[in-house]
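Pulled from TrEMBL:
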TRANSMEM  C:12-34  transmembrane segment
TRANSMEM  C:41-62  transmembrane segment
TRANSMEM  C:68-87  transmembrane segment
TRANSMEM  C:99-121  transmembrane segment
TRANSMEM  C:141-166  transmembrane segment
TRANSMEM  C:195-218  transmembrane segment
TRANSMEM  C:271-289  transmembrane segment
Ligand SMILES: Nc1ncnc2c1ncn2[C@@H]1O[C@H](COP(=O)(O)OP(=O)(O)OP(=O)(O)O)[C@@H](O)[C@H]1O
Ligand SMILES: Nc1ncnc2c1ncn2[C@@H]1O[C@H](COP(=O)(O)OP(=O)(O)OP(=O)(O)O)[C@@H](O)[C@H]1O
Ligand SMILES: [Mg+2]
Ligand SMILES: [Mg+2]
């Protein structure tokens, strides 16, 4: 099995705050990894470094054997990395469908100067994805009118329009109501299973973590404090103390 | 008590609340649950005066809130924690907490600060950090503290546990429920109430902007 | 000697510019409005000063009191026009697109242009008495007017006052909260509309003050407003929108660039401001002091 | 009864309104009223234009050449005016002249200064009833020579646009002829409407020259005077202004004594003592509480000429309203008396006027509370204007060939 | 008939024919006013295209002047007299002149983009004012062009230039419409809303803005050249900030949803200005200001929102049925 993502010795600090402190992570392709950690532990920072939003102060990141440290988001995306955001990043004044069409158009490569954006083929693809996320009813509504949870779903759906090798989801379920959480994760898992996409997802909900992750990496204060299958990580004493809180409660 | 009588609210031609009613007894804690887009945020923003109902009435303590300007709610002891935290990025954590105290005519700065640090001691360490540097969860903590600083009588918390790591989320609910019995009325809007549910007096379900069946806690 | 002259000339020009730009940057900082009509308030300030100084003279007050008259003129303009514009006009458009608000202030500029003409007529006003009040300062072969140095002091005082007010006082921090989000600020109990009115009023006061201070050096007549708009915009952009320190440094850069051009290469004066602005922006795309942004992702 | 419609275009807003546009329009209003009442002195005493009531429409010149062309077309096509009298800005003149020509409509340029208009091409329907700006600076140079002013070096301060550039060039060329040894010191080019001249004044003081030449006007000139007098510029250098008369009534005692200035014609306080001028001067002063400076004078000479020409053409047309061709034919090569002396349409194939001018020196008159102009030297039109067959610049360079002084 | 490009082209063609026909019945002054409105509208249309990608140029006077001067110099010095060639030459020259700036400008957003473009236009203004060979600030005159080898008579000039403007601008507006409906056009629109997302979808934001800037420059140049030919005169004021300001003003008045609205806005502004100038010569600015406020107050999303909103609703309905 090849290594999809390999981060070595990543360091990142913001002034006095250390958000990544010698982070080493290897992810084999096809694996589903959950990143957990206390708030401010550096999960989003890690995702941001992998996707090129932030440059690490030190360390290297390689994707599928190719070094990508220091490349910008656009280049990295073109290499097959997609992500969703903790706070959805959408075109607020456009409809949900148009957002999907934009995503589809961008993924089609070169932007045509004259081919109509709303071509039937692209539309069908976009609608299919919307349907899969149970968003079809919202297709014609402006994003600014959509509630937070729906935006979250749309944000993830947009990340999925391309066929990424590596998908990073930053708190996919936060803000999504219970009724929709599991179906949504099932949808994502279903969509990806066939294509053997490697997934990293940041998550605070341990139920989701145990159900969907092959492996869990726990962060605390910029460091990786545990990196094992879910059961092992959740049983870890440090993880229980700093992340899940189960230790204190039990004590 | 907080009394919401069949309010209708529309936002840009979307009807977000349809004749929604809710009465919250003084000193009780109510959970407002509903799916995404049910109208939870809309309800809280309506109470805060950021949206104006086209029909219905909202009153707090017998005062019709339509008659008070939106900034006067804080002076009536109402604390609000918005869904997106809404911290002032340039200000430090402590200043963020204190802004509502500064504009208040009655609150004592030292007393409120001591009180907040007492219930949320982890804030002490980051008091000097600028709010914009904090991670999402940390910001939630500060937003809660700010609501607590001014919300002496009514707390409106919009998704306080969202995006918060389990350890912290437990802390937050402990803090909130630790306030019980102090004549404090609390409304928590959340799509799920898992561990918090057991501590609430009542859970109100909102569905597509209207009241749905109610279950007693 | 030449260097020193350039320095003095640059600073004198910069202090005038700074007072204008300070008001502009303040209004932008708080209300998020890039106020094209700022120049009109400057012109109204100059007219008001002319009227007030003349009025003081008819009351038989000593000419030494004319600075008081000028100050009162600026206060009067701010107290009368600012609430009227802010409450009567701008408020209607809050929350709209920034560019749209620029257009609103452009309309205001057009309106004020004719209104000043209707009120004060086309004939120029002269109030040069205050210009001589502070005597002359000899400087080698050069003779400066004391008034110019007084202008520097006023500029420094205004700058310090606003900077102190915004950064070191609670009011300032409350204003920061409003700047960030009026919804959140009002949830916290801040009377947002009052803050807006006051901030706008203060910005207009500064514009009017700059106009009043300029009145003795020029003839007050139609067309005064246009000249200051672009150059004060340039200052504010160089400094970073909404930044007080930025406006100060921006004014110095523009003032010195201009003085350097006039003394060493007069033909380039016309370009000096724009070149200075372009150079700064190429290296600092958001101006020298950019406003801190909240994390987006 | 038929009316004769005149479109009057001048600045009603912006920087040139106060100094040029509004005084000129005021002058126009006064004259139109006097014409319609038959109140002007002979030979302008017939009611209206040969019996036709004169009706004037006033349009703002502010807003650039595009707008002016558009408004000109509107005036002719929509408002059906018989003639347009207007334009202070040379750019506007250059833009509108070919348009009127193409529309075959009668156009009188009354104020703008650039010599280019009739030097670059010939017109049939377009006229300028005032001398172009070359006269101003040539007269200024001749005055210095006549008064034996010693000139070793010259500092310049002129606005950075065509008017400033042209004035600078004319004066420089003139001085090269008259004072071949004078050196150029500072050549400052503040931008139009700068308002603040502290830096420029420092530069002028740092290297004071025998004379300081400036073609600034309006608010800019007033500001320069207000800011430079207290700093002693006038004490270190003889200031000469090519077009400065119009700031005198406003500046009053703030205008330093001893400044040499022109009015772009024998206007205002330098106007000749004739019955016509006495009438005009006092009527204007009575009506507007200030004496007429250059702008109303130039408007007056245009309207007075127009009146005679219109009457001539009406007579030739059997009492009916003349066509643009008839009006043009009547104005071509015409001469008439204006308050500022005789206007002769001799240059530009009879389309460009020449006129006498005068230069003087300021002196504050405490009793009258106004600035007087003393030491006036008058220059006949042929002395300071190029002959019909020569371009202005070439004429100066050729040592004012054929000038009759 | 289902091909949307064809549909747009047909609509564009119909508009051109209708406007040409209208030209024959218009009074002369209106003909000229319309020519100006159309050619100025084209410049504003460039701004609208930029607005669609989230930036507003306050320096469109730069390309307006570039196109105008290019056409004028070509006409006066190279012997080229054909109106269409001159106009396209102007557009090309403006695009060429703007192209080197586009990579730099595409790094900027909001007011900084606006001010930097303004600085560029003002530097050009300064250079033009100082160029005595081209008449400095007074500018110079341009002789009447020919059309396809034919002289244009002075009586027919208004109509001829109006027709040239209608046809060229009509074609360009159609192209712009097709472009803004295209993949790239829609991505541009999304950039305006959230450029971070666009980068994360793998498309180049600065690339898109740079392309739009050059396209807008071409349109601006064509607008400038048309103006110069109709006016017969050019001067540095073409590049002055107030000129640019008016273009922005028309663009905002029209809103960024409709190409047709730009021309309507441009026309309305010209008419209002022309009449208020005549009827209130002393207070026309006041009249303009009030007019502006009223429009902004009641049509905040521009004139285009008058019909675009309905169109969007119709589309939503269609989708719902589908
Ligand atoms: N752009 C930034 N500027 C300054 N500090 C930052 C920035 N991004 C992150 N930080 C700091 O780095 C630390 C890690 O932040 P990060 O967002 O990675 O946390 P997280 O693990 O995603 O937390 P959460 O679960 O709350 O989202 C925090 O202390 C945060 O304040
Ligand atoms: N700015 C807006 N413009 C238009 N419609 C809006 C706006 N904000 C909310 N709505 C609509 O109001 C309804 C209620 O939204 P609200 O945000 O109150 O839901 P919520 O229950 O808080 O959802 P969530 O759990 O996702 O936060 C939704 O249908 C939404 O589409
Ligand atoms: Mg995070
Ligand atoms: Mg919500």
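Our numbering is plain: 1 for the first residue shown, then up by one each step along the chain.
Just so it is clear, glycine is given a Cβ too, placed from its N, Cα and C backbone atoms.
TrEMBL annotations: computationally assigned, not manually curated.
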Outside the transmembrane segment (C:271-289), at least 6 residues beyond either end, the same-chain residues with a Cβ under 8 Å of its Cβ set are 230-231, 234, 237-241, 243, 245-246, 249-250, 253-254, 257-258, 260-261
So which residues does the transmembrane segment (C:195-218) touch in its own chain, when a touch means Cβ under 8 Å and the partner is 6 or more beyond its ends? 16, 19-20, 22-24, 26-27, 29-31, 35, 38-39, 41-50, 53, 70-71, 73-75, 77-79, 81-83, 85-87, 90-91, 94, 125, 127-131, 147, 151, 154, 158, 162, 174-175, 178, 185, 224, 228
Among C:12-34, C:41-62, C:99-121, point out the range having the most Cβ pairs under 8 angstroms from the transmembrane segment (C:141-166). C:12-34
Near the transmembrane segment (C:41-62), which residues from the same chain, at least 6 beyond its ends, have a CB less than 8 A from one of its CBs? 20, 23, 68-70, 72-74, 76-77, 81, 112, 116, 119-120, 125-127, 129-130, 204, 207-216, 218, 220, 224-225, 228
Folded-back contacts onto the transmembrane segment (C:99-121), same chain, C-beta under 8 angstroms, at least six residues removed: 32-41, 43-44, 47, 50-51, 85, 89-90, 93, 220, 222, 225, 229
